[in-house]
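Annotated domain 'NXPE C-terminal' per TrEMBL: 22-92, in sequence order. What TrEMBL lists as domain 'Cas1p 10 TM acyl transferase' is 253-734. The transmembrane segment annotation in TrEMBL covers 269-291, 355-375, 395-416, 446-466, 473-495, 507-526, 561-579, 599-617, 659-680, 692-711, 731-750.
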Amino acid sequence: FKGGDTCEYLLSSGRFLGEKVWQPHSCMMHKYKNSEAKNCLLDRHVAFIGDSRIRQLFYSFIKLLNPQVKEEGNKHGNILFEDKSASIRVDFLWYPEVNGSMRQRIKSWTEDSVAKPHIIVAGAATWSIKIHNGSNEGLTQYKINITSIAPLLEKLAKSSDVYWVLQDPVYEDLLSESRKMITNEKIDAYNEAAVRILNSSSRNSKAKVKVFSVSKLIAQETIMKSADGLHLPESSRDTNAMILMNVYCNKIMKPIDGSCCQPQPPLTLIQKLAFCFFTLSIIGYLIISLIHRNNYRKNKSCTDLESGEEKKPAINTPNVSTLEMLLHSFCKLGLIMTYFYLCDRANLFMKENKFYTHSSFFIPIVYILVLGVFYTENTKETKVLNREQTDEWKGWMQLVILIYHISGASTFLPVYMHIRVLVAAYLFQTGYGHFSYFWLKGDFGVYRVCQVLFRLNFLVVVLCIVMDRPYQFYYFVPLVTVWFMIIYATLAIWPQIVQKKANGNCLWHFGLLLKLICLLTCIYFLSYSQGVFEKIFSFWPLSKCFELNGNVYEWWFRWKLDRYVVFHGMLFAFIYLALQKCQMISEGKGDPLFSNRVSNILLFISVVSFLTYSIWASSCKNKTECNELHPSVSVVQILAFVLIRNVPGYVRSVYSSFFAWFGKISLELFICQYHIWLAADTKGILVLIPGYPMFNVLVSTFIFVCVAHEISQITNDLAQIVVPKDNSTLLKRLLCIGGFFSGLLLFSAMQDQSRH
């Protein structure tokens, strides 16, 4: 892969994904909306000059600005379009032949006194073939004429974007008698002449006429759907217009999902500092390793020359120091972050658009399901939602979510609604797990809070620095972080009610229920008070964490979408632990949770509820309406799954070690996918090995999973160092962390000021 300028690939190569989705070679194409197209072409003049095929491209182009435009008027004359609100002018100039008239028009633009179009799109040949009846004399004249025009176009290319559109193939069986002389052989000869002559005098110059040859590839796939064998069907013309828009606008608008023609973003001050830090960490670790290695060699056992006996070393090999472990972790992390940057910020690897098909989603789902069932083992304990079972649950959900993302299944509403339940189930586990811990242990110490916050946020903070992305961009981590703090505040605020205290007096149970009711009331109030919610999170420095694209709406949307499910998880944990304490459930190996009759009734209700939700989700027609109902009904399928998984004793006593392994690194998998498995911040797919989609997915997945596992180990190692158990040491570390974030906010403010 040559790397560098992806515009060349956008203009010359690609393939169809399905029937209508065009995939340029090596990069992603953005689908421009009317408002985006207008912003890009603000105060611009665009000129299309050529024959009826160029006229078709002209209409498709202006429909990106105004979809209401109709193709009417004089077909063999000039057509003018103007959008006064955005000061955009787009002209079509009828010059069906490359001749003196076209040369005169182009020459008039080269004069200094004349305002030049910002974009010029030219092309013609079929009329020349038709008028000269496909003779060689016609081709000779075409070469002479294009040779006279080429220097003028090259001169214009120094100040404007100039495109020469090569001729598309025809479908000869559909051509009328008057056009039978227009053959694909003749078209190829004319195209070859144009390519050879254009830019011949400016081979080494940066300003060149861009040859728009990709339309030939598009036409080869779609020309058989043409009405007359000569003109492209509308969908193909629209694709060409969208390519043209991407070539010009991507470098101006910089859309996330439009990597074609986008230059590599410059390094920010924070990124440069991070690079220096990781470089110093690597150097420091290498120095310490060399020192230890030399010490080890000096102290290594050696043979006494006089007695011939082996002497023991006087000093034992020292244990790995905290500093060495710290530098070792940052050394590995630095190398991993370099890979992240190369994958999703440098123009080194290819990126492609997603394309959804049912098979691309459901076949991998079946495959991982079979693998998961194959690796079935007995659990160490048989309690409801034991550690192995929750790891398994998180594991298979994470794998399904990954397949959902890489296959682009969000376009299929039934799949989208079921994935929303999986995200809600993660938050349900957050409520269940943290409530259970605080209720049973009664540990509200700073150490516990710092450990959880560090493990949740470490990777995301590093990625915000290295990848230059806001905290809210990785929306799931802010979500679980805020909900953890809400759970902690609810239970830690006076009176602190834990199981040990409640066992002495049943009234404490009612006190806890009262706390939960207050929490539910606050959630309900905030969910219907968008203004209050946005004001709370718009205060500095909270706004730096929760703003995305200049506002906190995205954070409001994400929070509101699953606003009740954490409460449901807390309530379920309270009821389950109360039933367990009263010995109303049986959790022995192989035993059903309740009596056979009650267990069977619960199982029946759970299966019916599970299927009912799936039927409702599959019948969704409108994403907005279904999202409104989701917060209230998602708990139905979650609870149904929990009961199906735990009521029968034999099901509760086994788990999939395959899914559980992935469950232990589920957070890292969820975050790492943004940049080293997907691409362009999840909008596309990373291509390490072009031309072999399946092999590429296998290789990129292997690296992705290994990296996620390694980051999980690094996070665990650093958590022990950064968050010690000793309170005085922990306080010092917290002051250092506070200083680090203060510096980060300062540098971030400096960056924002320089950008504006």
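For all residues, glycine too, the Cβ spot is worked out from N, Cα and C.
Note that TrEMBL annotation is computational and uncurated.
For the domain 'NXPE C-terminal' (22-92), the model's average pLDDT works out to 93. The transmembrane segment (659-680) makes no contact with the transmembrane segment (599-617), as judged by fewer than three Cβ pairs under 8 Å among residues 6 or more apart in sequence. The DSSP breakdown of the domain 'NXPE C-terminal' (22-92) into helical (H, G, I), extended (E, B) and coil residues amounts to 19 helix, 19 strand, 33 coil. The stretches the transmembrane segment (446-466) and the transmembrane segment (269-291) meet in space: the count of Cβ pairs below 8 angstroms, excluding pairs fewer than 6 apart in sequence, reaches at least three.
With a threshold of 8 Å between CB atoms, the same-chain residues lying at least 6 positions outside the transmembrane segment (599-617) that come near it are 414, 417-418, 421, 592-593, 626, 633, 636-637, 639-641, 643-644, 647-648.
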